[in-house]
Amino acid sequence: MVVFPKSLSPKHVLKLLKSEKNPRAAFALFDSATRHPGYAHSAVVYHHILRRLSETRMVNHVSRIVELIRSQECKCDEDVALSVIKTYGKNSMPDQALDVFKRMREIFGCEPAIRSYNTLLNAFVEAKQWVKVESLFAYFETAGVAPNLQTYNVLIKMSCKKKEFEKARGFLDWMWKEGFKPDVFSYSTVINDLAKAGKLDDALELFDEMSERGVAPDVTCYNILIDGFLKEKDHKTAMELWDRLLEDSSVYPNVKTHNIMISGLSKCGRVDDCLKIWERMKQNEREKDLYTYSSLIHGLCDAGNVDKAESVFNELDERKASIDVVTYNTMLGGFCRCGKIKESLELWRIMEHKNSVNIVSYNILIKGLLENGKIDEATMIWRLMPAKGYAADKTTYGIFIHGLCVNGYVNKALGVMQEVESSGGHLDVYAYASIIDCLCKKKRLEEASNLVKEMSKHGVELNSHVCNALIGGLIRDSRLGEASFFLREMGKNGCRPTVVSYNILICGLCKAGKFGEASAFVKEMLENGWKPDLKTYSILLCGLCRDRKIDLALELWHQFLQSGLETDVMMHNILIHGLCSVGKLDDAMTVMANMEHRNCTANLVTYNTLMEGFFKVGDSNRATVIWGYMYKMGLQPDIISYNTIMKGLCMCRGVSYAMEFFDDARNHGIFPTVYTWNILVRAVVNR
């Protein structure tokens with residue numbers, strides 16, 4: 001408690017208030033001084049404490065101070081009144097702001113001038129009281145107050161808040177015409193709201209106009225635009241603006257600019273550009289805050305450059321900075337994703353020691369351990385959570401159960417599920433989906449079906465992941481009828497089939513040669529508003545080709561090309577293989593020739609398939625021409641390519657020709673497999 005001298009002056013109180021950094025403590029000190037015998041606050045002291053209350057949103061105390069000023073008849077200038085009106089405006093209290101404005105002479109002993117009018121006008125804008133804004137602006141003329149640049153800036157702000165951007169642009173044009181030269185605030189207000197509304201091209205156009213008219217943009221203008229373009233993943237335009245900023249001698253990037261660039265570019269996958277900016281910051285000794293480090297670490301971890309991320313993290317640690325849990329979690333996730341389990345556990349110990357752990361940290365570590373096959377370690381962390389004061393959430397359950405299932409521990413996952421439910425916990429649909437999918441893959445369909453019923457009892461709604469797992473399980477068990485029935489019943493159970501659901505079933509039907517039923521489900525897809533995707537067509541095409549129904553396959557191919565979907569090399573290869581299997585080599589060559597027109601490049605599978613096809617019809621010359629094409633296109637043959645040509649040459653020309661390619665393979669560092677030796681041995685035996 002501060003002990004005041006008997007004779008207390010406002011100057012002494014002001015000094016004490018300025019030295020007190022805690023706003024609440026400062027206000028308590030102000031209150032104590034108010035009660036001191038023979039003491040009265042000065043206008044300067046009132047102004048100081050009102051500003052402090054504004055900063056900390058201690059707005060409930062403002063009215064008491066205003067009443068104190070009035071009762072003590074302390075004559076104040078307009079600045080004191082403005083601080084009150086601003087505070088009320090900032091806290092969405094326009095009625096209180098208006099009351100103070102009307103009583104300025106009574107309370108503060110001063111008349112409202114243009115600044116007071118503008119501040120009240122802004123309070124109405126912040127509260128979105130548009131009618132009062134217009135009424136007050138109309139009152140300017142009655143009161144004999146001439147609007148100034150700041151007045152029009154407030155009106156521009158109102159237009160932007162109302163999304164009336166054309167009106168805001170109109171204000172700017174009118175201001176130039178009438179001699180009110182817009183300033184950087186006028187332009188940045190419109191640019192900011194255009195960017196927030198996603199109208200980045202309009203914002204950039206206004207930014208260019210601003211520069212052309214001689215209004216120098218400040219760093220805030222650059223930050224707004226760069227941030228907007230990076231959020232839209234337009235890193236090219238963002239980099240152009242960055243370069244303009246560096247070339248602009250009147251303004252310099254600040255820590256916020258660097259943070260926007262590093263965070264935004266890393267989200268665009270431009271980590272190399274982030275590192276260039278980082279190095280530039282270090283060379284120029286630019287200020288870096290925790291967010292700068294955290295953003296770069298996050299970007300590097302996402303890009304897989306965990307070693308560099310660790311280096312940046314260590315640099316941050318060496319600064320003795322207070323590292324937050326978000327940054328720790330980012331680094332922990334980076335270590336886990338790249339398999340650095342030792343480093344993950346070392347960092348975990350540090351995090352626990354510094355009490356920088358939350359439930360997200362546990363989720364990251366458990367997931368990382370499970371993804372790297374460390375089941376025992378993950379289980380230990382899971383078991384220790386309650387003792388450490390952390391309760392697992394649905395995400396934790398989902399991660400742990402999914403990880404156990406992926407690693408083949410479905411029984412352990414079932415045990416965890418029972419533990420959770422018996423302790424009053426609840427699993428989400430994704431945890432159930434993991435177990436059901438694993439049970440289906442292990443052909444434990446009855447257990448999977450029972451678990452679906454359990455989900456319903458616990459109020460967990462089915463989703464497509466669960467249903468798709470069951471459909472897949474039924475198909476693997478050759479229960480196609482049940483799979484078809486289940487898909488059609490999905491909608492009745494509150495889960496609409498997706499394209500993936502149909503693709504799983506169509507694939508199973510095609511493998512069983514049931515093309516009529518598969519086609520019926522394609523028709524049903526269309527009727528239910530789903531369009532077959534690339535995978536749907538690939539499944540159908542593969543099934544038809546495998547069943548040597550090439551005419552139907554070609555009909556489907558032309559239907560696919562007319563659908564507007566983009567094809568890929570795999571689909572071309574399916575058709576080429578099908579054509580080769582029935583000896584239609586010329587048609588297969590035509591399909592390959594047309595690949596280039598569809599922005600598709602033939603790969604090794606394409607060439608290997610064609611070579612095999614030509615050898616099967618005894619055309620070794622064209623098969624070897626294909627080999628030449630392969631080299632011409634810059635492809636390096638693999639062991640399958642060598643096996644194909646050696647087998648073909650053994651059949652058509654003899655072992656001696658095949659041995660030339662055998663030697664060539666070894667010269668290129670490609671070593672024979674068992675299949676290679678079988679080809680050569682059979683050729684020698686059959687010679």
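The backbone N, Cα and C atoms fix where each Cβ goes, and this holds for glycine too.
The repeat 'PPR 2' feature in Swiss-Prot is assigned to 77-107. Here Swiss-Prot flags 113-147 as repeat 'PPR 3'. Under the heading repeat 'PPR 4', Swiss-Prot lists 148-182. According to Swiss-Prot, the feature repeat 'PPR 5' maps to 183-217. Annotation source Swiss-Prot lists repeat 'PPR 7' at 254-288. Annotation source Swiss-Prot lists repeat 'PPR 8' at 289-323. The annotation repeat 'PPR 9' is assigned in Swiss-Prot to 324-358. The feature repeat 'PPR 10' is assigned by Swiss-Prot to 359-392. Swiss-Prot lists 428-462 with the feature repeat 'PPR 12'. According to Swiss-Prot, the feature repeat 'PPR 13' maps to 463-497. For 533-567, the entry in Swiss-Prot reads repeat 'PPR 15'. Positions annotated as repeat 'PPR 17' by Swiss-Prot: 603-637.
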Residue distribution over DSSP helix, strand and coil in the repeat 'PPR 8' (289-323): 26 helix, 0 strand, 9 coil
Tertiary contacts of the repeat 'PPR 2' (77-107) (same chain, 6+ residues out, Cβ under 8 Å): 43, 46-47, 50-51, 53-54, 57, 59, 62-63, 66, 69-70, 113, 115-116, 119-120, 122-124, 126-127, 129, 132
The repeat 'PPR 5' (183-217) - residue tally per DSSP class, helix then strand then coil: 26 helix, 0 strand, 9 coil
Mean of pLDDT values spanning the repeat 'PPR 4' (148-182): 94
Tertiary contacts of the repeat 'PPR 13' (463-497), as residues 6+ beyond its ends and Cβ separation under 8 Å: 429-430, 432-433, 436-437, 439-441, 443, 445, 448-449, 452, 455, 504-505, 507-509, 512, 514, 517, 521, 528, 530
Long-range Cβ neighbours of the repeat 'PPR 5' (183-217) (under 8 Å; 6 or more residues past either end): 149, 152-153, 156-157, 160-161, 163, 165, 168-169, 172, 175-176, 224-225, 227-229, 232, 234, 237, 248, 250-251
Long-range environment of the repeat 'PPR 4' (148-182) - Cβ separation under 8 angstroms, sequence gap at least 6: 114-115, 117-118, 121-122, 125, 128, 130, 133, 137, 140, 189-190, 192-194, 197, 199, 202, 206, 213, 215
